[in-house]
Each structure stands twice: as structure tokens, then as C-alpha cells.
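Enquirer: Got a structure here, written out as C-alpha cells. Questions coming.
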């Protein structure tokens, strides 16, 4: 038997609930479900600030890395570790975050995560070394992962039933606003001395303010009931719903908590209610979220844009700001229209457009003849000084550059003479050419050469940027928000939290693998072929969505769960790929003629197996 879906359980994005009518009232929702006053809204917005902090931390490394890699002379692998260390922390937190949230509370977890984010950011700006950078980023990763889980659960549990989807979706909207804010910060401090410190430090005041504000907000009433504090839970519900009698909602919460004990974690891997199929669908879906390349665009946006012709840090950061703007603009209509268009439709459209834009970007990049083939920096100090001359201008090669002069003092006359062609190969604009560095004895893998902007035709550069923006927009309406909505719908309430924790761990794990190898893979095969690989993955995700993801538009959670609980669900979905929403809705039995009813009765009794129904005239 399929358990009744728990509408009080935590959900993500626009979770659908079953409409409830009270006797004789004609109202679609009971009184306690209609109470969504200003206090509930402000509490949700305050908690959703965590989403802004998460988005900011995800996007800020894109611009900060341009300065840090030069300052610390980071190698390709070291850059990947700086980026991926945040994901390492997030993965660790996703494995244990659910236990912490259930033991200490959702509100407390948000407060702790805000404080940890501020502490990690403070570590980054006070002391700069490679090791400290890794430690600080891991701390921030733990913070954003913990806050992501706690925020969605907290908002879902304080929101009334009919406003839960809207209020929980605030978190997703705040994430993309945070990413946009990070890209704006990258541009604002691109040419500022030690601008990376300002980039990392801007979130500290906001994190502290959120922690203080959350202290004065009430705990989740559901958490209080879990801890046996029903009196306190009743008072909190009274404030949130502006009602004096909260008995009915308390009864619903207690009933839903009983449902959760019907399942264990291991039921996710058993055939009970087709759970094994459901978890495989969920894990595969989050796999495609990461393997289609979006995390790398997020983390390495400025680096990618520099490789296609946006030469200066400022130009690359400004272009990446467009990525943030597109994400915000695309996410808003997707959030508002998902109940009308359907999550499966958005997933199909998003994957299709992603594939088209990626193949366009790959073809364009094949026709951009750059002066370099590698985007990794050397960790050699002499190469660092030479690279700084390109990034910060030819003035760094003058006799006023004490760092470079000290290097010359420590090398032999023969080695020094090998660098002399550099002087003669600097053209009128003071730019170092590829040939000059090669004549100096430096291999392609030991430096990053920034090309003359004139070497890249303007229309190719802007076409590449346009393809990137279309790719980002397609992801933002499809594989960005929709998988989390699907995940919140395909699992019963009694096991949804544990299923979400498992898929979240899978999400961060694949993210770690992708971000940890992006520069290395790009260095080996080139950016165009990376785009082509992501194209194949996008097409594979489209095929998977068409074959396995149900269209849940207009269906209640109970109807969705009943359909997915069928043993032959996957077989039916593959054979009949034209599933529509109405097929998930149980149909009312049609009235049949007496002859048909008799035939059906005989079949059930085993006496009419060979009989055929005569055609009606």
C-alpha cells in the first residue's frame, strides 16, 4: 500500500500540495493553511538570505581566481584545488547535515552556518597562502551546504500549505541573485589592488546580520513537535498563522511525523513501492545537472571568457556579469510558470537548447585562432613576473620592477641572454608575443599568453559570448531548478528527507569531480572539444528526461506517488513515451453494459477466459 503523501514534510521549489476543503465552507484551504501574514513572509525572507550567501560564494571565485593565481603563481592543479575545496566542504556537510539539523534544529543550523561563513571569509582575507586558502574555502563549503539544507526545510515547515511553493522558491531566486552579485563584485574590484580581499569580505556583514536576525525568529513548529514541545509549537503556529486555535494543524504535523517512521533509509534501495527505481531516477537526474558542465561555467566563467578573447580581468569579469544577469532573468519566469508549463517540458526545452548552444560555442571556438593552447599558469616565479607584465601592463617589465630585477641577479649570464629576445619582440603596444616567450626557452605548458585583442575577430568573440549566455539561460529554466522540484515530488513524505540528502551528496560529489578536472581536461583537449562533450551529455539528458521523467503538471503528490509505485512504471514509460499528465490522474470508472460486467465477472472467476465480447451493433 502506498502511504499518503506528507504535505508537511520538507520540499523544494514549487512543491504541490493537495487542495483541502472544509465542510460547508467552500474554501479551498482550511483556516490554518490560509494564514500567511507578514511575519511568516519576513521569516522566510530572512532565512532565504542564506541562498544569497550561497550564490555569492559559488560565483565569487570566478573573478577572485584571476588575481589569486597570479599573486600565488598557482599551477593548473592548484587552481582546481582552490575552486574544488569549497565543494569538498559542501560534500562533507551534505553527508552529516541532516543529522545536525534534526538534532539541533533548523534555525540553529542556519545561525551556525552564517557564523561559519563569516569566519571562513575572515580567514581568507587576513592571511593569504595556498594552504590557508584551501582551509578557508572548505569551511565556507561546509557553511553553504548546511545552510542550503536547513533553509529549505525551515521555510517549508513555517509556510502555510498553499504558499509553500512560492516561499521555498525564494531560496532559489536568492541563489541566482547572489551569483549576479558576485559577478558584479568581480567586475568592481577587478583592477583594484588586493581586490580579491574585498570580494571575499563583502559577505561577512551580511552573514552576521542574518545570524542576529535568525536568533529572534521562532524555531520550526515541526521541529518543536519532534522534540515533544507541543505547547511551544502551538504558540509558534499562533504567531505564524495569526490564529488562536492551532489544534488542527498540530494534529496534521503529528500525523505526518508518524508516517515518516514507515520507511528506513535502506528502503531507498529496495523494491518496496518501487523505491529503487525512484532513487535511480533521482540520482541520474542530478548526475546530468553536473555532467552537462554548468558548475564549470559558474566557477571558471572569467577564465573561459579570457580564453575566447576578453583579454583583461576587467573585461572578462564584466562579460561574466552578463552570465549572472541571464541566470536571474531566466530563473524568474521558470519559477512562476512551472505549474502551468510543467517541469518535464522545461527540462526538455532546457536540454535541447543547451545542446544547440554548446555545439555552436564549440564550432566558434574552433575558428578562433588563439596565440595559446593552454589556460594553466606556471608556478615558476620567473614566469609569474612575465605573466604579470601581460596582465597588469608592460610597466612591470621596466627597471622599476624589483622582483624581476632580483631574478636577473640570481641567474647566469647565459640564461640571462636567453631572455633578451623578449625585449626585441615587444611590439609597439608593449605586448609580449608568443614567439618571444618561446625564444626565451619557455614551453607552452609553463605560461598563459594573453593574445592581442585584434587576433580574435570581434564577431567570433561576441558570438561565443552569446552562445554561452544562451547555454546559461537554458540551464536556468531546465536542469537548474527543475530537478529539485522533481525530486521533491517523486518520493513519499516519509522518506523524502533522506532521499534528498542522498541525492544532494551525489550532486556535490559529481560537482567535485567536474570542477577538479576542468582546467586539466581543457588543457589536454581544448575548450571546443570540452563543449562538444557537454553537448553529448545534454542530448543524453534530453533522452533520459523523455523516457523516464513523468510529467507531473496538475497532479497531486498522492497521484504521482501512486503512478511511480507501479512495478511496471519504467517499462510503460519506455514503451509509451507520450505519457501526459492525465495518465497520472486516476480516471473515474465508466458505466458498462450488463453484458460487459458479466464477462468481467467471469474472467475474474476463471470461467470466461476464452470468451470474446461480441461487437455491439
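Going from the start of the chain as shown, residues are counted 1 onward.
From the backbone N, Cα and C atoms, a Cβ is placed for every residue, glycine too.
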Enquirer: Ranges 279-299, 384-404, 405-425, 426-446: which does Swiss-Prot label transmembrane segment?
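Expert: Here Swiss-Prot associates transmembrane segment with the stretch 279-299.
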Enquirer: From the topological domains that Swiss-Prot annotates, would residue 108 and residue 528 count as being on the same side of the membrane?
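Expert: That fails: Swiss-Prot puts them on different sides.
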Enquirer: Can you work out which residues elsewhere in the same chain, 6+ from the ends of the topological domain 'Extracellular' (194-197), have a Cβ less than 8 Å from its Cβ atoms?
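Expert: Counting only partners 6 or more residues beyond its ends, the topological domain 'Extracellular' (194-197) has Cβ contacts under 8 Å with 64, 67-68, 71, 124-125, 188.
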Enquirer: Write out how many residues of the topological domain 'Cytoplasmic' (339-345) are helix, how many strand and how many coil, based on DSSP.
Expert: 6 helix, 0 strand, 1 coil
Enquirer: Go through the chain and flag residues at least 6 beyond the ends of the topological domain 'Cytoplasmic' (102-115) whose CB is under 8 A from any CB in it; none is fine as an answer.
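Expert: Distal contacts: 47, 50, 53, 142-144, 146-147, 149-151, 153-154, 157, 207-208, 210-211, 214-215, 217-220, 223, 226.
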